[in-house]
Amino acid sequence: MSSTKLEDSLSRRNWSSASELNETQEPFLNPTDYDDEEFLRYLWREYLHPKEYEWVLIAGYIIVFVVALIGNVLVCVAVWKNHHMRTVTNYFIVNLSLADVLVTITCLPATLVVDITETWFFGQSLCKVIPYLQTVSVSVSVLTLSCIALDRWYAICHPLMFKSTAKRARNSIVVIWIVSCIIMIPQAIVMECSSMLPGLANKTTLFTVCDEHWGGEVYPKMYHICFFLVTYMAPLCLMILAYLQIFRKLWCRQIPGTSSVVQRKWKQQQPVSQPRGSGQQSKARISAVAAEIKQIRARRKTARMLMVVLLVFAICYLPISILNVLKRVFGMFTHTEDRETVYAWFTFSHWLVYANSAANPIIYNFLSGKFREEFKAAFSCCLGVHHRQGDRLARGRTSTESRKSLTTQISNFDNVSKLSEHVVLTSISTLPAANGAGPLQNWYLQQGVPSSLLSTWLEV
């Protein structure tokens, strides 16, 4: 809201179109020379009533509002109802959803009204509150994404340096909101209402502007440069570096601090009987292998989802960030000739900011199996489809049962008991891709493990 002010929209209009009322081609700058009612009808017809392309914008905002509100509420409900989903990362995701809900409810409707009617109808108090809440939401989103990246970086790249806990995550969330509320106070202080038509200021609120009033040229430039660096460029660069290291660790190197992938050598079959308990030890080692591979797959899926969330955030906030800097710092768009294009860019950049709030739940649905199951359960409940309690419990035990089933199948092979007691560490880089073969896969094939079972086991 604060990034695109009403004068940008007003500047796109050609006031000489008032020649319908005035036969001269001079700009219509003195509305008091005409009948007030006639002038207000003219304003409604030419400026306030939505044009054809603006109806498309309205439809886009409605879709974003519904998806963002329902999707982010479902994210919060899913984590609240399921204790197994209350992880450190999911706590931060819930905080991100809360910020999206806040900006969707408080800021999206006001932004749409201003973009269409070019008027601030909400008074002086909300002129300070709504832009302030929007900037707070942006700050919360950026800091939350930064905390997620930092948490994943420590957990995967330096697990022995820092231990993430749910309590620390909750404390971090409180700090995020406090810091965001404090650093955005200047935004609330400088926002004021003013009329673009002083002659009708006492008769109508049309073309009332909610904009920044700094009282100087240096302060807004300094503020918006700092705002761009603190809320976009610097965090984005740091998060990109963090995820690059995470990518190298998960896809190219061994994950330090985790249990290593277990590999065993064949042993010559001895005529003597095996010691008591050796079969159970073999089963335990096989279970360790399954657990390790499952952990790798889970971490890769989580990292992939978070990288997509960061990418979408960077894309959605890039246009408005650039336009803000160009307008507030370099003074562009004040006397531009192509005002329709400028207006289109600002309105589209507004829509992208809110579309980011709607995109996050969609990303969770496609890239997180747990969130997808909870979303399906919620929609099924709303549609009146009732599942047995056992079906719901089965979803919570899916990962455990699949691992047990996998261990049981492998332990049934006769050659499992011939596995050596010797355990060696192997790098995660030896793990095969889904359609490739590596040293670990070749070794299992030599032990007689069927390729069909192995492809399912080692899928990443």
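Cβ coordinates are placed from backbone N, Cα and C, and glycine is handled just like the others.
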Notebook entry, point to check: According to Swiss-Prot, which of these ranges is region 'Required for response to orexin-A': 33-49, 152-168, 288-304, 424-440?
Noted result: 33-49
Notebook entry, point to check: Can you tell which of CYS210, CYS226, CYS237, CYS252 Swiss-Prot lists as bonded to CYS127 through a disulfide?
Noted result: CYS210
Notebook entry, point to check: Is ASP151 placed by Swiss-Prot on the same side of the membrane that HIS83 is on?
Noted result: yes
Next item on the list: From the list ASN95, ASN202, pick out the residue that Swiss-Prot labels N-linked glycosylation site.
Entry: ASN202
Check: Which candidate in ASN14, ASN415 appears in Swiss-Prot with the annotation N-linked glycosylation site?
Finding: ASN14
Item checked: Two-stretch contact, the transmembrane segment (89-110) and the transmembrane segment (343-366), at least three Cβ pairs under 8 Å -> yes
Note to self: On the three-state reduction of DSSP, what should I expect for CYS210 (disulfide bond)?
What the structure shows: strand
Notebook entry, point to check: Relative to the transmembrane segment (343-366), which of 55-75, 128-150, 223-243 accounts for the most Cβ pairs at distances under 8 Å?
Noted result: 55-75
Next item on the list: Provide the number of Cβ atoms within 10 Å of the Cβ of CYS210 (disulfide bond), excluding the reference atom itself.
Entry: 25
Next item on the list: For the topological domain 'Extracellular' (111-127), give the DSSP counts of helix residues, strand residues and coil residues.
Entry: 12 helix, 0 strand, 5 coil
Notebook entry, point to check: Name the residues of the same chain, 6+ apart in sequence, whose Cβ is under 8 Å from the Cβ of CYS127 (disulfide bond)?
Noted result: TRP120, MET191, GLU192, CYS193, CYS210
